[in-house]
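Taken straight from TrEMBL:
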{"type": "DOMAIN", "residues": "13-445", "note": "domain 'Major facilitator superfamily (MFS) profile'"}
{"type": "TRANSMEM", "residues": "62-85", "note": "transmembrane segment"}
{"type": "TRANSMEM", "residues": "92-111", "note": "transmembrane segment"}
{"type": "TRANSMEM", "residues": "123-144", "note": "transmembrane segment"}
{"type": "TRANSMEM", "residues": "156-180", "note": "transmembrane segment"}
{"type": "TRANSMEM", "residues": "186-206", "note": "transmembrane segment"}
{"type": "TRANSMEM", "residues": "254-275", "note": "transmembrane segment"}
{"type": "TRANSMEM", "residues": "295-312", "note": "transmembrane segment"}
{"type": "TRANSMEM", "residues": "319-337", "note": "transmembrane segment"}
{"type": "TRANSMEM", "residues": "343-364", "note": "transmembrane segment"}
{"type": "TRANSMEM", "residues": "384-407", "note": "transmembrane segment"}
{"type": "TRANSMEM", "residues": "419-439", "note": "transmembrane segment"}
Amino acid sequence: MVQMSTSSRKALVFVVTFVSYGLYHASRKSLSGVKSSIKADWLSNTSGHEPLFANEADAKHFLGSLDAIFMAAYAAALFFWGWLGDRLNPKYVVAAGMIGSAITLTLFGTIPKWLNFYHAPYYVITYIAFGLVQACGWPSEIAIMANWFGKGNRGFVMGVWAACQPVGNIFGSIFTAMVLPLGYEYTFLLNSVLIAVGAIVVVTAIDSSPNEEQEAGVEANRIRLLRRSNSNEPHHNFHGEPISLFKAILLPGVLAYCICNACLKLVNYAFFFWLPLYLTDAYHWEESQADQLSIWYDFGGIIGSVLGGYITDKMGKRSPLIVAMLMCSIGSLYFYAHVGPYMFWNALVMTTVGVTVSGPYNLIVGSISIDLGSQPALAGNTQAMSTVSGLLDGTGSAGSAIGQLFIPIIQDDLGWKAVFYVFMLLNGFAILAILKRCIIDMKSLRKLRSGEESPLLNDGEGGEHED
């Protein structure tokens, strides 16, 4: 076998983890991209089955409930998988989640159509299972990236890498639009096949850390020595010990960003879950058109993620730019609520919303997550990364789960404009959550310019002890 250089191995890790988490997101797009089709199928009796729901409102509320159930299961499992990811080889956790996603997605979206089996509890159970296994991905992917990429240009590297989420959304939407004419059930099947193949690539192509083989050998020798001596000493890792969730949330800066992410992820995932249906409901565009148009939100997310990471690296702080982007998002959301049925302007403003909503979200769960999981308060303990990232994303997912229950209710009672006003309010709360951190960082930047302080990117690091 040809030995690869370290730089080549790093490039391979970047590409494989980027694609693998992109496939996680693409698989989640399966339902959001076919909501109109699956809703019509549930209300129809032409396929030899009784309608699953009596009216369109009930079907829409059930779709909202499925989104909430998914996010609740995903949030709960993130805490567990984040905790476990610091105790197991993270690439195997990632691959297990991908295989589980392939199985549960097929059971949810393809099997009922093929077998003419429509049963609400079945949809609930299989979608809960889908949410549980989907949570395997993010904390362990972050841990792998943190193992391979150090502090140098972390914001830019993780900004580019975190764009795997909107890129996955884009390809998920494209796959859906391509396959939808064959039947919505095949969109679930295609994404299942792709993510299963991705799991094989993850296991065979990359190592979880630069020294995985050496560390595995050291660990095997340690176990043999312990067995020989019948020792009961606790496990020791050269990089530190995994930490508890309680200790993780008490780390400087973690709670503030958890609250911020709970608000912001609700808004970001509302676009993820509801944007195609909103476009078909509000403007009566065809579902395939709505799927293709919705990718402009994700293009905006890519732009915001990459530029945000680059700019915050140059600034030396992250919170001021995140706050600025969130403030701009309030205006962007207002304009989008009033843009009207003009595809060009809709796509343009949608892109701006993506830059200012999805962009800062990607920075928080990517760069900020690693900043918080590697701060000086951990004293060099690398075994906390998956736990911290799982906690940060888990609280965000919990907030998003609650929101998905209320979105269809608000829309039914008050209309889509009211939904966007709620999003604006939530982003205001997200700003308040990290405003103190932003003020501290702005003061630090002023001191830095005047030569009173040495440069240090410390979102979640040194100065965060003041929180």
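Cβ coordinates are placed from backbone N, Cα and C, and glycine is handled just like the others.
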Using a threshold of three or more Cβ pairs below 8 Å, and leaving out pairs closer than 6 in sequence, do the transmembrane segment (123-144) and the transmembrane segment (319-337) count as in contact? no
When only pairs 6 or more apart in sequence are counted, do the transmembrane segment (123-144) and the transmembrane segment (295-312) reach 3 or more Cβ pairs under 8 Å? no
Which bits of the chain, at least 6 residues beyond where the transmembrane segment (62-85) starts or stops, bring a Cβ under 8 A of a Cβ in it? 28, 31, 35, 38-39, 42, 53, 93, 97, 120, 123-124, 127-136, 138-140, 143, 242, 244-245, 269, 273-274, 277, 386-391, 393-398, 400-405, 407-409
Taking only the residues in the domain 'Major facilitator superfamily (MFS) profile' (13-445), give me the average pLDDT of this model. 83
Tell me, please, if the transmembrane segment (295-312) and the transmembrane segment (384-407) are in contact, taking contact as 3+ Cβ pairs under 8 Å between residues separated by 6 or more positions? no
Please give the sequence-distant neighbours of the transmembrane segment (419-439): residues at least 6 beyond its ends with Cβ less than 8 Å from one of its Cβ atoms. 253, 256-257, 259-261, 263-264, 266-267, 270, 319-320, 322-323, 326-327, 329-330, 333-334, 336-337, 357, 403, 406-407, 410-411, 459, 464, 467
For the transmembrane segment (254-275), give me same-chain residues lying six or more residues beyond its boundaries with a C-beta closer than 8 angstroms to one of its C-beta atoms, as numbers and ranges. 28-29, 32, 67, 71, 169, 248, 290, 294, 297, 326, 329, 353-354, 357-358, 360-361, 364-365, 368, 372, 388, 391-393, 395-400, 402-404, 407, 419, 423, 426-427, 429-431, 433-434, 436-437, 460, 467
Which bits of the chain, at least 6 residues beyond where the transmembrane segment (92-111) starts or stops, bring a Cβ under 8 A of a Cβ in it? 17, 20, 23-24, 27, 30-31, 34, 38, 81, 84-85, 117, 123, 126-127, 129-130, 132-137, 140-141, 144, 184-189, 191-193, 195-196, 198-200, 202-203
What residues elsewhere in the chain lie close to the transmembrane segment (186-206), defined as a C-beta under 8 angstroms and at least 6 residues from its ends? 9, 12-13, 16-17, 19-20, 23-24, 26-27, 29-30, 33-34, 91-92, 94-96, 98-99, 101-103, 105-106, 108-110, 144, 172, 175-176, 179-180
